[in-house]
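Peer 1: Copying in the features that TrEMBL gives for the protein in this structure:
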DOMAIN    6-120  domain 'Tetrahydrofolate dehydrogenase/cyclohydrolase catalytic'
DOMAIN    139-280  domain 'Tetrahydrofolate dehydrogenase/cyclohydrolase NAD(P)-binding'
BINDING   165, 166, 167  NADP(+) binding site
Ligand SMILES: Nc1nc2c(c(=O)[nH]1)N[C@@H](CN(C=O)c1ccc(C(=O)N[C@@H](CCC(=O)O)C(=O)O)cc1)CN2
(Lines of atoms letter the chains of each structure in order from A and count residues from 1; the text may use other names and numbers.)
(Lines give C-alpha, C1' and ligand atoms only; values in the text may rest on other atoms or scores of the structure.)
Protein backbone atom coordinates (compact mmCIF):
# COMPACT_ATOMS: atom_id res chain seq x y z
CA UNK A 1 0.00 0.00 0.00
CA UNK A 2 1.14 3.54 -0.71
CA UNK A 3 -0.30 6.14 1.60
CA UNK A 4 -2.39 9.05 0.48
CA UNK A 5 -0.63 12.28 1.47
CA UNK A 6 -2.67 14.67 3.60
CA UNK A 7 -1.41 18.07 2.50
CA UNK A 8 -1.72 20.55 5.34
CA UNK A 9 -0.51 23.21 2.95
CA UNK A 10 -3.47 22.68 0.60
CA UNK A 11 -6.07 22.35 3.37
CA UNK A 12 -4.68 25.45 5.09
CA UNK A 13 -4.89 27.44 1.84
CA UNK A 14 -8.54 26.42 1.40
CA UNK A 15 -9.42 27.31 5.01
CA UNK A 16 -7.70 30.69 4.66
CA UNK A 17 -9.91 31.55 1.66
CA UNK A 18 -12.97 30.87 3.84
CA UNK A 19 -11.47 32.96 6.65
CA UNK A 20 -10.80 35.91 4.33
CA UNK A 21 -14.56 36.04 3.67
CA UNK A 22 -15.30 36.06 7.42
CA UNK A 23 -12.81 38.91 7.88
CA UNK A 24 -14.57 40.90 5.13
CA UNK A 25 -17.94 40.40 6.87
CA UNK A 26 -16.52 41.60 10.20
CA UNK A 27 -14.90 44.60 8.57
CA UNK A 28 -18.25 45.51 7.03
CA UNK A 29 -19.52 45.68 10.64
CA UNK A 30 -16.62 47.95 11.62
CA UNK A 31 -14.44 45.29 13.26
CA UNK A 32 -10.98 44.42 12.00
CA UNK A 33 -9.74 41.26 13.75
CA UNK A 34 -6.53 42.18 15.54
CA UNK A 35 -3.78 39.83 16.75
CA UNK A 36 -0.96 40.84 19.09
CA UNK A 37 2.11 38.60 19.07
CA UNK A 38 4.67 38.98 21.83
CA UNK A 39 8.17 37.82 20.98
CA UNK A 40 10.75 37.70 23.76
CA UNK A 41 14.41 37.48 22.74
CA UNK A 42 15.75 36.51 19.34
CA UNK A 43 15.30 32.78 18.92
CA UNK A 44 15.73 32.26 15.18
CA UNK A 45 12.89 29.74 14.71
CA UNK A 46 10.48 31.80 16.84
CA UNK A 47 11.22 34.87 14.71
CA UNK A 48 10.30 32.91 11.58
CA UNK A 49 7.03 31.63 13.07
CA UNK A 50 6.12 35.12 14.28
CA UNK A 51 6.86 36.59 10.85
CA UNK A 52 4.63 33.94 9.28
CA UNK A 53 1.83 34.79 11.72
CA UNK A 54 2.07 38.46 10.81
CA UNK A 55 2.11 37.62 7.09
CA UNK A 56 -0.99 35.45 7.49
CA UNK A 57 -2.78 38.35 9.26
CA UNK A 58 -1.88 40.77 6.48
CA UNK A 59 -2.95 38.37 3.74
CA UNK A 60 -6.34 37.97 5.41
CA UNK A 61 -6.79 41.72 5.89
CA UNK A 62 -6.41 41.49 9.66
CA UNK A 63 -4.55 43.85 11.98
CA UNK A 64 -1.32 42.53 13.45
CA UNK A 65 0.74 44.01 16.24
CA UNK A 66 4.22 42.71 17.02
CA UNK A 67 5.57 43.40 20.49
CA UNK A 68 9.29 42.62 20.62
CA UNK A 69 10.87 42.43 24.05
CA UNK A 70 14.53 41.82 24.89
CA UNK A 71 15.73 38.44 26.22
CA UNK A 72 16.40 40.08 29.63
CA UNK A 73 12.89 41.53 30.03
CA UNK A 74 11.56 40.95 33.53
CA UNK A 75 8.55 38.71 34.11
CA UNK A 76 6.78 41.68 35.70
CA UNK A 77 7.25 43.84 32.59
CA UNK A 78 5.98 41.05 30.34
CA UNK A 79 2.87 40.54 32.51
CA UNK A 80 2.25 44.32 32.47
CA UNK A 81 2.38 44.31 28.66
CA UNK A 82 -0.12 41.43 28.51
CA UNK A 83 -2.43 43.30 30.84
CA UNK A 84 -2.28 46.36 28.58
CA UNK A 85 -3.21 44.21 25.58
CA UNK A 86 -6.01 42.54 27.55
CA UNK A 87 -7.55 46.02 27.85
CA UNK A 88 -6.88 47.17 24.28
CA UNK A 89 -10.15 47.09 22.27
CA UNK A 90 -8.44 46.80 18.85
CA UNK A 91 -6.70 43.59 19.95
CA UNK A 92 -8.90 40.48 19.86
CA UNK A 93 -6.21 37.84 20.18
CA UNK A 94 -2.97 37.73 22.16
CA UNK A 95 -0.21 35.17 22.01
CA UNK A 96 3.20 34.91 23.56
CA UNK A 97 5.55 32.99 21.31
CA UNK A 98 7.06 29.96 23.06
CA UNK A 99 9.59 29.00 24.27
CA UNK A 100 10.29 31.80 26.75
CA UNK A 101 13.64 32.52 28.44
CA UNK A 102 14.27 30.40 31.56
CA UNK A 103 13.78 33.24 34.06
CA UNK A 104 10.14 33.71 33.00
CA UNK A 105 7.40 31.44 34.38
CA UNK A 106 5.47 30.27 31.30
CA UNK A 107 2.43 29.27 33.34
CA UNK A 108 2.13 32.72 34.95
CA UNK A 109 2.36 34.31 31.51
CA UNK A 110 -0.34 32.12 29.99
CA UNK A 111 -2.59 32.58 33.04
CA UNK A 112 -2.35 36.38 32.61
CA UNK A 113 -3.79 36.38 29.08
CA UNK A 114 -7.53 37.01 29.18
CA UNK A 115 -9.28 33.70 28.30
CA UNK A 116 -11.42 35.67 25.80
CA UNK A 117 -8.23 36.72 23.93
CA UNK A 118 -6.28 33.48 24.40
CA UNK A 119 -6.18 32.50 20.72
CA UNK A 120 -3.45 29.92 21.37
CA UNK A 121 -5.99 28.04 23.53
CA UNK A 122 -3.42 27.47 26.29
CA UNK A 123 -5.22 29.21 29.21
CA UNK A 124 -6.60 26.80 31.86
CA UNK A 125 -10.12 28.17 31.24
CA UNK A 126 -9.93 27.20 27.57
CA UNK A 127 -8.32 23.86 28.37
CA UNK A 128 -11.17 23.16 30.81
CA UNK A 129 -13.73 24.12 28.17
CA UNK A 130 -12.06 21.82 25.67
CA UNK A 131 -12.30 18.95 28.16
CA UNK A 132 -15.99 19.50 28.81
CA UNK A 133 -16.77 20.29 25.16
CA UNK A 134 -17.83 23.90 25.87
CA UNK A 135 -17.30 26.82 23.49
CA UNK A 136 -13.76 28.19 23.89
CA UNK A 137 -10.50 28.42 21.99
CA UNK A 138 -8.89 25.15 20.93
CA UNK A 139 -5.08 24.89 20.84
CA UNK A 140 -4.02 25.48 17.24
CA UNK A 141 -1.92 22.42 16.37
CA UNK A 142 -4.37 19.83 17.80
CA UNK A 143 -7.28 21.76 16.27
CA UNK A 144 -5.46 21.77 12.92
CA UNK A 145 -5.05 17.98 13.10
CA UNK A 146 -8.79 17.52 13.65
CA UNK A 147 -9.59 19.84 10.71
CA UNK A 148 -7.17 17.88 8.49
CA UNK A 149 -8.86 14.59 9.40
CA UNK A 150 -12.32 16.06 8.79
CA UNK A 151 -11.32 17.64 5.49
CA UNK A 152 -9.86 14.32 4.29
CA UNK A 153 -13.09 12.51 5.25
CA UNK A 154 -11.41 10.32 7.86
CA UNK A 155 -13.91 9.29 10.49
CA UNK A 156 -12.73 9.20 14.08
CA UNK A 157 -15.71 7.80 16.02
CA UNK A 158 -15.06 4.28 17.28
CA UNK A 159 -11.47 4.25 16.00
CA UNK A 160 -8.46 3.47 18.14
CA UNK A 161 -6.33 6.63 18.24
CA UNK A 162 -2.86 6.33 19.74
CA UNK A 163 -1.05 9.51 20.69
CA UNK A 164 2.71 9.25 21.20
CA UNK A 165 3.73 12.27 23.30
CA UNK A 166 2.06 14.03 26.21
CA UNK A 167 2.99 17.71 25.95
CA UNK A 168 0.47 20.31 27.12
CA UNK A 169 0.54 21.97 23.68
CA UNK A 170 0.04 18.95 21.42
CA UNK A 171 -0.10 15.43 22.90
CA UNK A 172 -2.59 15.89 25.74
CA UNK A 173 -5.03 18.16 23.86
CA UNK A 174 -5.04 16.19 20.60
CA UNK A 175 -5.98 13.06 22.56
CA UNK A 176 -8.80 14.98 24.25
CA UNK A 177 -10.12 16.33 20.93
CA UNK A 178 -10.09 12.82 19.46
CA UNK A 179 -11.90 11.53 22.54
CA UNK A 180 -14.48 14.34 22.18
CA UNK A 181 -15.10 12.93 18.69
CA UNK A 182 -15.64 9.45 20.14
CA UNK A 183 -12.30 7.81 19.39
CA UNK A 184 -10.88 5.31 21.86
CA UNK A 185 -7.68 7.04 22.90
CA UNK A 186 -4.41 5.60 24.20
CA UNK A 187 -1.59 7.90 25.30
CA UNK A 188 2.00 6.67 25.01
CA UNK A 189 5.13 8.49 26.18
CA UNK A 190 8.80 8.10 27.06
CA UNK A 191 8.00 5.73 29.96
CA UNK A 192 5.67 3.48 27.93
CA UNK A 193 6.93 -0.09 27.86
CA UNK A 194 6.65 -1.96 24.58
CA UNK A 195 5.50 1.04 22.55
CA UNK A 196 4.94 -1.05 19.41
CA UNK A 197 2.31 -3.10 21.24
CA UNK A 198 0.15 0.07 21.27
CA UNK A 199 1.15 1.75 18.01
CA UNK A 200 0.57 -1.43 16.00
CA UNK A 201 -3.10 -1.40 17.03
CA UNK A 202 -3.67 2.25 16.10
CA UNK A 203 -6.17 3.14 13.40
CA UNK A 204 -5.01 6.73 13.85
CA UNK A 205 -1.48 7.36 15.10
CA UNK A 206 -0.45 10.87 16.17
CA UNK A 207 3.23 11.32 16.88
CA UNK A 208 4.64 14.33 18.75
CA UNK A 209 7.86 13.28 20.44
CA UNK A 210 10.52 15.49 18.84
CA UNK A 211 12.80 12.63 17.76
CA UNK A 212 13.72 12.50 14.06
CA UNK A 213 12.38 9.44 12.20
CA UNK A 214 11.40 7.73 15.47
CA UNK A 215 8.39 5.83 14.10
CA UNK A 216 9.28 3.08 11.63
CA UNK A 217 7.14 0.87 9.39
CA UNK A 218 7.06 -1.92 11.98
CA UNK A 219 5.44 0.45 14.52
CA UNK A 220 2.27 0.76 12.46
CA UNK A 221 -0.67 -1.29 11.25
CA UNK A 222 -1.19 -1.64 7.48
CA UNK A 223 -3.50 1.16 6.29
CA UNK A 224 -3.23 3.30 9.46
CA UNK A 225 -3.67 7.08 9.41
CA UNK A 226 -0.34 8.58 10.51
CA UNK A 227 -0.15 12.18 11.68
CA UNK A 228 3.37 13.51 12.16
CA UNK A 229 3.68 16.56 14.42
CA UNK A 230 7.48 16.39 14.67
CA UNK A 231 9.78 19.09 13.40
CA UNK A 232 13.40 18.02 13.60
CA UNK A 233 16.60 18.34 11.63
CA UNK A 234 18.21 15.12 10.43
CA UNK A 235 22.00 14.53 10.28
CA UNK A 236 22.11 16.38 6.95
CA UNK A 237 20.33 19.37 8.52
CA UNK A 238 17.15 18.69 6.52
CA UNK A 239 13.76 19.31 8.17
CA UNK A 240 12.07 16.01 9.02
CA UNK A 241 9.31 14.66 11.22
CA UNK A 242 9.07 12.07 14.00
CA UNK A 243 7.95 9.51 11.42
CA UNK A 244 10.26 7.83 8.93
CA UNK A 245 8.24 9.01 5.94
CA UNK A 246 10.16 6.93 3.41
CA UNK A 247 9.24 3.57 4.94
CA UNK A 248 5.99 4.38 6.80
CA UNK A 249 4.34 5.91 3.69
CA UNK A 250 4.64 2.50 1.98
CA UNK A 251 2.46 0.87 4.66
CA UNK A 252 0.11 3.60 5.95
CA UNK A 253 -3.27 4.46 4.45
CA UNK A 254 -2.80 8.19 4.97
CA UNK A 255 0.21 10.20 6.13
CA UNK A 256 1.06 13.84 6.78
CA UNK A 257 4.42 15.04 5.43
CA UNK A 258 6.96 17.31 7.14
CA UNK A 259 7.16 20.06 6.01
CA UNK A 260 3.72 21.02 4.64
CA UNK A 261 1.68 18.75 6.87
CA UNK A 262 0.53 19.76 10.34
CA UNK A 263 2.74 22.91 10.49
CA UNK A 264 0.77 25.15 8.09
CA UNK A 265 -2.47 24.21 9.88
CA UNK A 266 -1.16 25.66 13.17
CA UNK A 267 -1.04 29.22 11.87
CA UNK A 268 -4.33 28.81 9.98
CA UNK A 269 -6.16 27.73 13.16
CA UNK A 270 -4.57 30.70 14.96
CA UNK A 271 -6.16 32.95 12.33
CA UNK A 272 -9.45 31.08 12.80
CA UNK A 273 -9.32 31.62 16.56
CA UNK A 274 -8.53 35.33 16.14
CA UNK A 275 -11.47 35.82 13.77
CA UNK A 276 -13.68 33.93 16.26
CA UNK A 277 -12.43 36.17 19.11
CA UNK A 278 -13.23 39.28 17.07
CA UNK A 279 -16.72 38.00 16.19
CA UNK A 280 -17.45 37.11 19.83
CA UNK A 281 -16.27 40.53 21.01
CA UNK A 282 -19.36 42.04 19.34
CA UNK A 283 -21.68 40.46 21.90
CA UNK A 284 -19.71 41.47 25.00
N1 LIG B 1 2.64 30.58 21.41
C2 LIG B 1 2.96 29.51 20.65
N3 LIG B 1 4.24 29.12 20.58
C4 LIG B 1 4.54 28.03 19.81
C5 LIG B 1 3.53 27.33 19.08
C6 LIG B 1 2.20 27.77 19.21
O7 LIG B 1 1.25 27.18 18.64
N8 LIG B 1 1.95 28.87 19.99
N9 LIG B 1 3.89 26.29 18.23
C10 LIG B 1 5.28 26.09 17.85
C11 LIG B 1 5.78 26.96 16.73
N12 LIG B 1 4.80 27.33 15.68
C13 LIG B 1 3.95 28.34 15.93
O14 LIG B 1 4.12 29.15 16.78
C15 LIG B 1 4.87 26.76 14.37
C16 LIG B 1 5.79 25.81 14.03
C17 LIG B 1 5.89 25.34 12.71
C18 LIG B 1 5.05 25.80 11.74
C19 LIG B 1 5.18 25.38 10.30
O20 LIG B 1 4.40 25.79 9.48
N21 LIG B 1 6.19 24.59 9.95
C22 LIG B 1 6.49 24.28 8.58
C23 LIG B 1 7.99 24.18 8.39
C24 LIG B 1 8.70 25.46 8.75
C25 LIG B 1 10.18 25.41 8.47
O26 LIG B 1 10.55 25.28 7.30
O27 LIG B 1 10.96 25.53 9.43
C28 LIG B 1 5.87 22.96 8.17
O29 LIG B 1 5.71 22.07 9.02
O30 LIG B 1 5.57 22.84 6.99
C31 LIG B 1 4.11 26.75 12.08
C32 LIG B 1 4.04 27.22 13.37
C33 LIG B 1 6.17 26.39 19.07
N34 LIG B 1 5.82 27.62 19.70
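The backbone N, Cα and C atoms fix where each Cβ goes, glycine too.
Thinking about packing and proximity, how do these listed features fit into the structure?
Peer 2: Taking the domain 'Tetrahydrofolate dehydrogenase/cyclohydrolase catalytic' (6-120) as a whole, pLDDT averages 98 in the prediction.
Sequence-distant contacts of residue 167 (NADP(+) binding site), defined by Cβ-Cβ distance under 8 angstroms and a gap of at least six in the same chain, are 208.
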Peer 1: Residues with Cβ closer than 8 Å to the Cβ of residue 166 (NADP(+) binding site), same chain and 6+ apart in sequence?
Peer 2: 172, 187, 189
